Structure formats: C-alpha cells, structure tokens
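Student: Feature annotation from TrEMBL assigns NADP(+) binding site to B:19-22, B:43-45, B:77-80, B:100-102, B:129-133. Positions annotated as substrate binding site by TrEMBL: B:TRP156, B:THR181, B:ARG207, B:HIS257, B:ASN286. The domain 'Meso-diaminopimelate D-dehydrogenase C-terminal' annotation in TrEMBL covers B:130-285.
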Protein chains: 2
Amino acid sequence: MPSGDGKGGNMIRIGILGYGNLGRGVEYAVEANPDMELAAVFTRRDPASVKPRTQVPVVAASQAAEWKDKVDVLILCGGSATDLPKQTPEFAKLFNVVDSFDTHANIPTHYAAVDAAAKAAGHVGVISVGWDPGMFSLARVYANAVLTNGADYTFWGRGVSQGHSDAIRRIPGVRDAKQYTVPVPAALEAVRSGSNPTLTTREKHTRECYVVLEEGADAAAVEKAIVTMPNYFSDYDTTVHFISEEELQRNHAGLAHGGFVIRSGATGENNAHKHVIEFSLKLDSNPEFTACVLAAYARAAYRLAAEGAKGCKTVLDIAPCYLTVQTDAELRKALL
Amino acid sequence: MPSGDGKGGNMIRIGILGYGNLGRGVEYAVEANPDMELAAVFTRRDPASVKPRTQVPVVAASQAAEWKDKVDVLILCGGSATDLPKQTPEFAKLFNVVDSFDTHANIPTHYAAVDAAAKAAGHVGVISVGWDPGMFSLARVYANAVLTNGADYTFWGRGVSQGHSDAIRRIPGVRDAKQYTVPVPAALEAVRSGSNPTLTTREKHTRECYVVLEEGADAAAVEKAIVTMPNYFSDYDTTVHFISEEELQRNHAGLAHGGFVIRSGATGENNAHKHVIEFSLKLDSNPEFTACVLAAYARAAYRLAAEGAKGCKTVLDIAPCYLTVQTDAELRKALL
C-alpha cells in the first residue's frame, strides 16, 4: 500500500455504537492499538445510563451527525438480527463503518445495502468482520484458492451458541438456558487424516444444553421439545442437563468459543499426495476477540478511505498489509 | 475487485522457468485450475533434454523474449541461493512473474531489485510465494494484526530441510544425507496452552540426520562434525543415524513437510482472557503444495496487471479475492 496514508501519522479516531459485551471489547481493543483513540460511545439508550470503563463521551445515537468530523471509523456493536441490517447502511452515510454482521445467508443483501449507502456518501463500509464470518472466511478462501482439488470442513466450539440458547429459552417452562456446540473429536481426527470423509451434521457436532426450569415445569416435556426441535436440535445428538439458576450463573456465564477450518486436498500423479490445511481458534472471550478483529479492520477502513476507496468491502477484498500498524517494509522484514 | 478483469474470461497462459520438482508441481497445479493453461516450459538446459509430462513446448531460456506476447505470467521454479536473485528481476522485464524466493533475510534486497525491474517494464512481480514465506507469513500477519498483545511461534516439520541436508553432505566422508526438522511436542503443547512460554532454539525443534558414509569414513568423526556444527546443529538436540544408500533411497526419498504458526495473546481486564490462533500445514509433497500456492498468486498477478498495477508485490499486498477462480459475489455467498 502507498505510504503517507496514515501509517505512523495521525491517531485513528474510533467511535463505538452500542455498549454491550462487544462494545466493551472494542474499548479494550482500541487501547491495545497504539495508533487508535476512542472518540465517543454512541447509544440508543439514555446516555446518562451508559457508563464506559474509560473516560469517553457517551452520545445519543440520534446526535451522531454532530460527530461526523470527529470520528474516523464507527464500529457497530449491535446484533445481526435487527440492529445491523438497519444501522450499518444508516451510519455509513455519516462515517466509515465496520460491523460484524454474521447471518451468512443474508450477507449478499446486507452487502448491497451497505455498498449503496457508502458509495453515495463517499465512505468505506467493511461488513462481516469477526471470526466467522471473518478469520474463518479468510482461512476458507486461501485454502480453496491453493488446494483446488479438495474438501472444506468447518467445526465450531466448544462454545456457546447464542441462537440455540435463545431457541431453548423460548420453550414454555424454561427460565434460562445455555447451549454449547461441541465438535466430535473422531470427526476432527478423520478430517485431519486427509481422508476427505463425508460427514453428516450429526457426525460433526454434538449439542449440550444446560437448562433452568420455571417452577413446576415438566422436565420431560421440555427435554422432548428441545431434542426434537427442527433445524436447531433434531439433526444432532443433544444432551439436556437441568440445573439451578445458581449453577447456570456460576458455571456457564463464560463467553469462550472457538473452532476449526480444515481443508484437505490432493495433488500430483493420481492425486497421490494429500495435504491438510488447518486454521483454529481457541478463545476465552468471543466478544473481546471479535472486537480485536473489528479494530484491525477499522484501521483498514481508515486507510482505504484515505486512498479514496468507497463502498462496501469484506475481509476478502482487503490486503493483509492494511491491517497492521507496521509499515510494508517492516512487515517484509519481520513477518514475511 | 473490479469485474471484467479476467474472471471467467480468457485462459491465463502460464510459463514455467526450470523443470525440476517445483516446475513439475506447477505443471500439475496449472491442470488443477480451470482458467489456466501451460504455454511453455523454459529451461537453461538443452531443451531436447527436458521432457515435460504433458504436451507443452520446451524453449531455451535465452529465447524467452520471443514468448513475450504468448505468456501472461511466468512462474520461476529455480532456487533462492543463486537462481532467483538473478532470474526474477531479469524475467520481470519480459513477463509478469511469480517466484518462491525463501531466503528470509534477503527479502528486502530481492524486493527492491524486482520492484525496479517490474516497474520499469510495466509488469507485476510477486515474490516469496509458497508456504514459508507465503501462507505462514499470512498467518503471522493476520494473527499479529488481531492479537496485538501476544507472542508468535513458528514450528517447522516434520520435514526435510534442504539446507541442513546440504550442510551434512559437505562434511568429508559423507556420501549422502537427509536431515529432518522435528517440532518438540511438549513445546507445541506449551504454546497451544496460551501460556506464552519463552522457548530456546533447543526446546522448539530437534534434528534427525540420516547419513550414508563413504567407504572407510570415520563415523564418530562425522557424527561429531554434525552435532557441533555452528548455526546448523550445535544449538539443537541432534541425532545421527548411519544407514545404507539403499535405505536412504527406500525410506527417505519423500518430500513431505509442514509446520505450525501459533500466536497466543490476551485481552480485557488485567489481560485475563487468553486466545490462541493456530495455522498448520501437513503436506505430502512440499514442492507440489508450493506449486499450488504459486498458481493461485499467478492468477493474482494476471489480474493485478490487467488492472494496471506495476512493480513488486508480496502475499501481504494482495487481497484474498484475487486468488480464486470464483467471482467476488460467489465468494461472499459461499465462503464468507
């Protein structure tokens, strides 16, 4: 990338929209990047009710336009179901934006909406940044580009699936629940062997549910409702554990997650040579790690905008050199 | 990336310079990519003595200028010690070029030479493409960009180190030798635990040597010469096995290799949350896999040149979307 585009220059002024687990993670991530500073936290709640860990102004989201020239990149920390489809195109009118939109099936629609808004306003919008989509997408694309003759496998976990936990909570009689997605060790080993196994949904992951019942609820009925639930559980081996609210708080409040992207393929005469490419993450805090990825791509958004780029980008459109604080020459010397 | 730049359009015409293990690997890789065709093999040997596996013209390297308009990208398959420092800048005058220059310490010098030649000629030159440098560099840079507070670890093997095998062969009394670099399992586990251990050279890898002696050579003297050799062996736990030439051919002719890039780091309050990012390769054929990476970056060189790019690039300068045969929209839908 060209020099003089912000590398070693001005601080990148970051805004956060939404101060939940992810927003708090971005606050930490900005501190961990020497060329960034947090300019403001924007919220749809009463700003007086939001107390950031650091000394940073809290601003009503409705007043964001006043910060147009005081924020270089806005990192959107809302959810993919209802927040981001609306917010990312809307705030791309005011700022360069980065989001972690993760509803895979709706990415093309979201891309089109953000692209139109960002192009019209002359901003850069980077969507679907995080670990999946995000770093796992990178692993899949690089591995596919290199091993053209092969098969892809993505395993998630061990970690909490928010969507599956929510699905359990909607069952009558359930007060609270956490659902862990767990890769099946034998499936992982089969994939790593390079044998390109065909694996059913059931063979790849198991699901573990920790459920707190309402008083007087029928445990057997709840368990049946879980394990037979289409799409979410019926295609998996699912175990259900009924526990107390105290135990759920004590043992299942963590936000750890992770997973594996593996591509195995073959080359050469009669495809005799097998190769296995594996990328994995083991994360103590899903939101704090996602926030780190968002911060790196906020730097890219800032630099791309400084170069005159406009419109929507994903991690697949951005060269790695845009992500780090080091200059290209430093990268070639130290990390290439 | 812009549409209409070769995606789904013309076939990319590839040239190979040097028909050894790597050149043969590229010949296979071109066949495995539906948008590529092999135009010619260039050689410094007598062209009549070179017999490609497929029906492709073999051309004296000195006649390459005549192929200027019949080859889109030349993939250089020579060695990093003496071939590539001379060849890559030289052939960048005629073609877009891709090489696998892997002498890490000399990358800045090589970059400058290729950049000057490619810019003057209006070509793209992609250097240091393969798995290390190459895919391991990508893993290091992405992981550093995301986990800014952490430590890097690269392990190689189990696989044959050409440089170390050559160093043994230069010892008087040695007829032939193969040296395996082997990661120490306990070190790998310590790194994966996220404890950010400080590891000495000796703690990370062991070296296994399989040596065929000349008749009458002094085995004890050869062993001592190996294990005490500075830089190559003295900092490692090295084992030396004396075997027959037949056994070397039978059991140690393979070209398998691989390794691990791991970054562990911490985020959040008091850095309480640990994260581990791991990328690994397990390769049956080092040259055939390297060739696959070269082919993917040949596609990128072709597309970058079609966009008007000029000069030297590395894997760090190229967005992933340039590497695959799929369109950007297909990538967003299927792999993001």
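Here the Cβ of each residue, glycine as well, is placed from N, Cα and C on the backbone.
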Student: For B:PRO133 (NADP(+) binding site), list the number of other Cβ atoms lying within 10 Å of its Cβ atom.
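Tutor: 24, counting other Cβ atoms within 10 Å of B:PRO133 (NADP(+) binding site).
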Student: May I ask which of the binding-site residues B:TRP156, B:THR181, B:ARG207, B:HIS257, B:ASN286 is closest to B:LEU22 (NADP(+) binding site) if we compare their C-alpha atoms?
Tutor: B:ASN286
Student: Taking B:ARG207, B:HIS257 as the binding-site residues to compare, which has the smallest set of other Cβ atoms within 10 Å?
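Tutor: Lowest Cβ count within 10 Å among the binding-site residues (B:ARG207, B:HIS257) is B:ARG207.
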Student: Can you check how the pLDDT averages out over the domain 'Meso-diaminopimelate D-dehydrogenase C-terminal' (B:130-285)?
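Tutor: Computed over the domain 'Meso-diaminopimelate D-dehydrogenase C-terminal' (B:130-285), the mean pLDDT is 96 on the 0 to 100 scale.
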Student: Go through the binding-site residues B:GLY79, B:PRO133, B:THR181 one by one and keep only those whose Cβ is less than 8 Å from a Cβ of chain A; report them in sequence order, or 'none'.
Tutor: B:PRO133
Student: Tell me, by DSSP, whether B:ARG207 (substrate binding site) is helix, strand or coil?
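Tutor: Note: B:ARG207 (substrate binding site) is in a strand by DSSP.
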Student: If we count other C-beta atoms within 10 Å, could you say which of the binding-site residues B:TYR19, B:ARG45, B:ASN286 has the fewest?
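Tutor: Output over binding-site residues B:TYR19, B:ARG45, B:ASN286: least Cβ neighbours within 10 Å is B:ARG45.
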Student: Can you give me the Cα-Cα distance between B:GLY79 (NADP(+) binding site) and B:ARG207 (substrate binding site) in Å, rounded to a whole number?
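Tutor: On Cα coordinates alone, these residues lie 23 Å apart.
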Student: When a 10 Å sphere is centred on the Cβ of B:LEU22 (NADP(+) binding site), how many other Cβ atoms does it contain?
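Tutor: Counting Cβ neighbours of B:LEU22 (NADP(+) binding site) within 10 Å gives 23.
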Student: Count, for each of the binding-site residues B:PHE101, B:TRP156, the other C-beta atoms lying within 10 angstroms of its own C-beta, and report the residue with the smallest count.
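Tutor: Counting other Cβ atoms within 10 Å of each of the binding-site residues B:PHE101, B:TRP156, the minimum falls on B:TRP156.
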Student: Suppose we draw a 10 Å sphere around the Cβ of B:GLY79 (NADP(+) binding site). How many other Cβ atoms does it contain, all chains included?
Tutor: 18
Student: Going by Cα-Cα distance, which of the binding-site residues (B:ARG207, B:HIS257, B:ASN286) sits nearest to B:GLY130 (NADP(+) binding site)?
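Tutor: That would be B:ASN286, nearest by Cα distance.
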Student: In whole Å, how far is B:TYR19 (NADP(+) binding site) from B:HIS257 (substrate binding site) when you measure between their Cα atoms?
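Tutor: Their Cα atoms are separated by 21 Å.
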Student: Taking the Cα atoms as reference points, how far is B:TRP156 (substrate binding site) from B:ARG45 (NADP(+) binding site) in Å?
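Tutor: B:TRP156 (substrate binding site) to B:ARG45 (NADP(+) binding site), Cα-Cα distance: 33 Å.
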